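**Student:** Before anything else, here's the structure in question.
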């Protein structure tokens, strides 16, 4: 059972999680990431977690539609604050994994068609054996933190290879949790996991980082799909271009 | 002849059908679904039906542009409330079929280019014999109710096959009615019917359900067109991935 | 020289041509039709003509940026009303042709990429000899008036073939005028002319009709480009589907 | 160290650089040019330069997020005005090159996927040797100034060939500076430089010109990618169409 605690989702600050989740989701809807009530987003603020509910029209979500809970713990049937209408999202345990295992502050789940197409292309090519999306030598790769969550080591470089693990989809979204956590363990630097024929989970040390990485990733997925149509490989061997002055030095 | 009854389309409530139809259609226009005055939408509120007129610019529609009628009956030339300028939409008898045969509360008709392309691809492949769009193993399939309108049995699962019947287009839109009704009979669980070289009709037990299913369907049509370009089949045989813990249980 | 006459472009009525042209062009900018100051629009109100200037950012245009002139006559260097900054558009004589030869009330010129691609596909296929875009058996064709400007004969039917003449581009836009007028003579029912590697001119008996036909045409060009990628021909032979009841009758 | 000087970025005039850069970047975000904090923009106002910072969400930028400096000089660690949160953009020395070498008033940097795809297509075709994007006989080419910055000689014509040099990407964006300047020297009429696998830099004599040329260029890149998919070459030999009346004259 949920108590009231409606004050948890009431704030005049547009950067409060209860206001940010609706404004982010409305933006994601226009990008085609959370169409048909798919996808979702969650923000952690200290020990408190804010979650979009299941089945909400993402471009019309209101702060009062949100769940809030804390201190962080495995998803239960009891929340500090529940909306009057909706049910909890099946994404909840996956968002919590990002918070507890990776120390993330924000986790975004999209059904981006480009994410799904990338997993389909790899499945088609690799007979289902290819469990990783790889791309290098594209400037936008710099949009990703290296060795998350240790932000101090900076972002990936242009010549680095971005690797995103792919897990197979399950009949029930919550059953993805252990596979997601396994991928997190195998890719300790991961900030995203693709789900075959489903979409992508992306997280970050802050809302800005999670959103920025989600945008950069979708840009790269879009590019990868177009490269595939044009017969251009995703991985390339390019020698670093040395600036003349470093030759002089 | 129509009486005045303008109060039927006047309300301060943004969720009143007379306000919802214009706001939905404006949104659909930005998605490219109702361009060039094509497509339309209708909402049933108890015995009353609200209908977008023919030939209106969908992103500029006003509540006063709507027709309203009731109690529900076969489309006639007389409406409880008619707009001063427009004519009734030829979609009217098709919307009524969704209300009377399926108990729908909302029916949406789009000319989505992806819907049209899916019917063209199947026509091309099947020499016109393929009367059904089929896709499985894509997460967004879960956006559809199973066994509509018996909402209590839940939504389709990831491994289920989504089937949307296709009917051939007719010279006059109202002549589609009997083919639409025939498809409804042959697909008792249907919540949507594709019209070859024309578009799609989607309905639901509520405005939210009709809109959500329409969005999910367009997402899948878009994905299907891209899959076709990439040589990836729409149907696949994928073994359910069992979570480790179910093996333990 | 231009006199002041600024009152010609000042009105509180959003449907006044001086307000409609900016709002239409802002909308067209979001559709990618008038990017980089390309394209334009003109409205005739009785004997008065309102014209977007050359080189204006279409999404930022203001009523005070417009030219106005009348009574209708061949484009001259003197306007009843000129904006303080801009130069007249090279499209001006083409807009006037639509007004004087076809009795149009509104003429829209876009650089839509789909329009350009359709002319490129036909050039590629026909070695430059194919001077006409043809498509049939697509519902959106009904968005076009038949036998313009004799609106009373209604719109094209689903089984009709939509034919849009194509003229070759010229180095100077105003030199297109005689070719446009020649196409108007050869296609007396025309409401649009494609310009190879350039874009399209679309007109109508009213602003609503010109805009609606422009949207429907762009929808069909988009569809045609996708059909070409998928190997689906634009013209098809489809037997009308007879409704059962007409067989009974 | 930066002094305060916050008045440099405070103005009620929407055309003030401190207000224009945020409104431009928000617009560019909706076009997919500056996703994931990528890309940027800078405006010069006399001796003063205004710069978007590194790592800002481009659709949410505020005037107070901007750097300002002057008189123009090589990028230093000291700015007349610095924002409280962000770091200087690595694009800064490249923007300054456009201002000092070309006399530009505005320089825009995008990660447009179409720009990146064009450089990938040419790399694929030319084994990395093709250092120039070329296209002719498309009307939108007229959107570019000829012989920049000598605006008085007018814009490119329809039959002219638009040439945009391509430089190879470097690991660090600031190391692009000398290659950018070298391309500027080799293409004295250039108003844009493509960066392989990265994006494009576009400048102009005014904000309007830089933005217009950036839009026209993206339109042409989009068209070029679609032409490639359809097997249509970017360069063509087309004889100018002479208007009949010039034959008579």
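Keep in mind that glycine also has a Cβ here, set from the backbone N, Cα and C atoms.
Worth saying up front: this structure is predicted, and the values here are computed from it rather than measured.
So TrEMBL says this about it:
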type: ACT_SITE; residues: C:139; note: active site, proton donor/acceptor
type: BINDING; residues: C:91; note: substrate binding site
type: BINDING; residues: C:109, C:111, C:198; note: Zn(2+) binding site
type: DOMAIN; residues: C:19-225; note: domain 'Class II aldolase/adducin N-terminal'
**Student:** Distance between residue C:139 (active site, proton donor/acceptor) and residue C:198 (Zn(2+) binding site) at the Cα atoms, whole Å?
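**Tutor:** Between the alpha carbons of residue C:139 (active site, proton donor/acceptor) and residue C:198 (Zn(2+) binding site) there are 26 Å.
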**Student:** Count the other Cβ atoms sitting within 10 Å of the Cβ of residue C:91 (substrate binding site), across every protein chain shown.
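**Tutor:** That number is 24.
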**Student:** Taking every residue in the domain 'Class II aldolase/adducin N-terminal' (C:19-225), what is their average pLDDT?
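**Tutor:** Computed over the domain 'Class II aldolase/adducin N-terminal' (C:19-225), the mean pLDDT is 93 on the 0 to 100 scale.
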**Student:** Using the alpha carbons only, what distance in Å do you get between residue C:109 (Zn(2+) binding site) and the residue listed as 'substrate binding site' once rounded?
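**Tutor:** Each residue's Cα considered, residue C:109 (Zn(2+) binding site) and the residue listed as 'substrate binding site' end up 8 Å apart.
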**Student:** For residue C:139 (active site, proton donor/acceptor), just count the other CB atoms lying within 10 A of its CB, please.
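**Tutor:** Step by step: centre on the Cβ of residue C:139 (active site, proton donor/acceptor), count other Cβ atoms within 10 Å, giving 19.
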**Student:** Other than its own, how many Cβ atoms are within 10 Å of the Cβ belonging to residue C:111 (Zn(2+) binding site)?
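**Tutor:** Taking every protein chain into account, the count is 27.
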**Student:** What three-state secondary structure does DSSP assign to residue C:109 (Zn(2+) binding site)?
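**Tutor:** Note: residue C:109 (Zn(2+) binding site) is in a strand by DSSP.
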**Student:** Let me know the DSSP-derived helix, strand or coil state of residue C:139 (active site, proton donor/acceptor), please.
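**Tutor:** Reduced to three states, the DSSP call for residue C:139 (active site, proton donor/acceptor) is helix.
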**Student:** Rounded to the nearest Å, what's the C-alpha distance separating residue C:111 (Zn(2+) binding site) and residue C:91 (substrate binding site)? Just drop the number here, would you?
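**Tutor:** The Cα atom of residue C:111 (Zn(2+) binding site) is 12 Å away from the Cα atom of residue C:91 (substrate binding site).
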**Student:** For the recorded positions C:91, C:109, C:111, C:139, C:198, return the ones with C-beta distance to chain D below 8 angstroms, or 'none'.
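**Tutor:** From C:91, C:109, C:111, C:139, C:198, flagged as close to D: C:111, C:198.
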**Student:** What is the interatomic distance between the Cα atoms of residue C:91 (substrate binding site) and residue C:198 (Zn(2+) binding site), given in whole Å?
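**Tutor:** One finds 12 Å between the Cα atoms of these residues.
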**Student:** Hey, which of our recorded positions C:91, C:109, C:111, C:139, C:198 end up with a Cβ under 8 Å from chain B?
**Tutor:** C:139
**Student:** Cβ-Cβ under 8 Å from residue C:198 (Zn(2+) binding site), same chain, 6 or more residues apart: which ones?
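**Tutor:** C:111, C:116, C:119, C:169 - these are the non-local Cβ neighbours of residue C:198 (Zn(2+) binding site), listed in sequence order.
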